[in-house]
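Working notes, beginning with the structure itself.
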Amino acid sequence: MSHSVSLTFPDGSVREFAPGTTGRDVAESISKSLAKKSVAIAIDGELRDLSDPVTEGRIEIVTREDKRALELIRHDAAHVMAEAVQELWPGTQVTIGPVIDNGFYYDFAKNEPFTPDDLPVIEKRMREIIARNKPFTKEVWSRDKAKEVFAVKGESYKVELVDAIPEGQDLKIYYQGDWFDLCRGPHMASTGQIGTAFKLMKVAGAYWRGDSNNPMLTRIYGTAWHTQEELDQYLHVLAEAEKRDHRRLGREMDLFHFQEEGPGVVFWHGKGWRIFQSLVAYMRRRLEGDYQEVNAPQVLDKSLWETSGHWGWYRDNMFKVTVAGDDTDDDRVFALKPMNCPGHIQIFKHGLKSYRELPVRLAEFGAVHRYEPSGALHGLMRVRGFTQDDAHIFCTDEQMAAECLKINDLILSVYEDFGFKEIVVKLSTRPEKRVGSDELWDRAEAVMTEVLKTIEAQSEGRIKTGILPGEGAFYGPKFEYTLKDAIGREWQCGTTQVDFNLPERFGAFYIDSESEKRQPVMIHRAICGSMERFLGILLENFAGHMPLWISPLQVVVATITSEADDYGREVAERLRDAGLTVETDFRNEKINYKVREHSVTKVPVIVVCGKREAEERSVNIRRLGSQAQTAMSLDEAVASLSAEATAPDLKRKAERTARA
């Protein structure tokens, strides 16, 4: 006799159902309207088809409005896109089509690659298929049957996928009407539930299975959302992001470029290097007093990287150099450092340390190199050579909480100086594969959980916090700091990571109050992370309209007539003496032409001088993005612009001095 199936509902109630009861049956037992709105079920958090028999556990009925339904909407849209393509271009082979962030894609094998002009045609056919409202149904096939059917259809890529599935394992085949595909599922009840809030975005080339030795396929990307409003908002953000693309701004503002001879490394132009150095100078000032700035070697012997563990698990991403030995020595293998931490441990170990000297805080604007795949490179955001605003704190167990809070205060203060208000701090806890005892992890996670509570309490609701279970590094738990930019995108930047691994590997120790050797806690800390990436984020956040204090070129003095050139030189000199970065434009061009030209390069302030201004010893100030003009005396302009161009930390320092 079959036992009933026990299901626990979100309200805590428990009900018994007969074996073979489907998710749809359960929904109908609650209400007809719920069954009509439902698109899937979740058993213990795992999404399943409505047609699946339920199994014992916690059940949730998933409706189309549920956030989890978005993955199903996108998955189903991918299948409908594949059907549309094969209806329009018979003989096209369908390969794989997963859901990705904000959308989906499918890879197709076609004699002539798709072009952007094909996308509206495919979209139109997709809408027709959705309107047919065909049910998604599932069959289970044997491996042999699947190979035979796909071979007859000429789907050689599907045959290869089936071959990769273990012997004896049954395969799921999903139908929508007569069209079918190999798929793990789940899917919604019918194509009609996808809705019409979708759009095909672009075509691209993609090698089969990501291997350049395999044939090139055509990948079609799409996006799909619950509602048209959500789709419109997403497309608006994409359009804004394109206008704000830091690579485009880098060209327009003459900041940097990349070229084939140095893939993934930045060629900084004069203005770009100026803004980069301004960022470094600001960060360096924020470290004064609390940190020792150090500098570790760029190139270190393989043996050090073997000790650190990088050689074992990161070697393929390291730039390696082999140096020929002489007659008595073998060749030596060196590597460019991908991280600063092993070098900082060597500095900490140089000389005996007492507990009275702790915490020791070592900081470095360290140039690191990592061999990223060429396809992953993306302007300043993903490079092979970059600068980390790295620091490592060596402290006692008892000092760890205070150090984490101190780091948190610094990170939040830096983000606020750059105008970022929406910050999320999350604690990543122990992963399955890790070093260190459970007792060590218990203690560290308990301390960091209390720190997280303190961060939330002190922020009075301004800072959101959360937990990322199992997302910690193998060597210790960590805090991740994510900031939101002007168009709502999230960027993970800062980290605070506790490390049990490296101090042990390198035998780092201090002498405690009992004259015993103790292993220090090592805390990795980064605020910007990659300085290059953070600069890219700033450029996109401000759309190139950088705050005056961090702008690469702060003022252009432009004259209306040659009669004002001498006065223009005096104005420029006064502004330079006040600490501003100034260029002059005395060309024989109309002033509106000059203003437009400098606006394209995102100069924040244009100081206009004509004959009248020279006579009155005044200036006319025009701001980037504004039609307004402000007239003021030269003395007022120098004082006002000088104050505005002062970095936030220097303003605070001046205010403290004035109060003292």
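Each residue, glycine too, has its Cβ placed from N, Cα and C.
Of the listed candidates (Cys341, Cys404, Cys493), Swiss-Prot assigns Cys341 to the same Zn(2+) site as His392, His524. Listed in sequence order, the residues Met339, Asn340, His344, Ile345, Asp390, Ala391, Gln497, Asp499, Leu502, Met522, Ile523, Arg525 complete the 8 Å Cβ shell around the Zn(2+) site centroid, once Cys341, His392, His524 themselves are left out. Using a 10 Å radius centred on the Cβ of Cys341 (Zn(2+) binding site) and all shown protein chains, the other Cβ atoms total 23. Mean model confidence for the region 'Catalytic' (245-547) is a pLDDT of 92.
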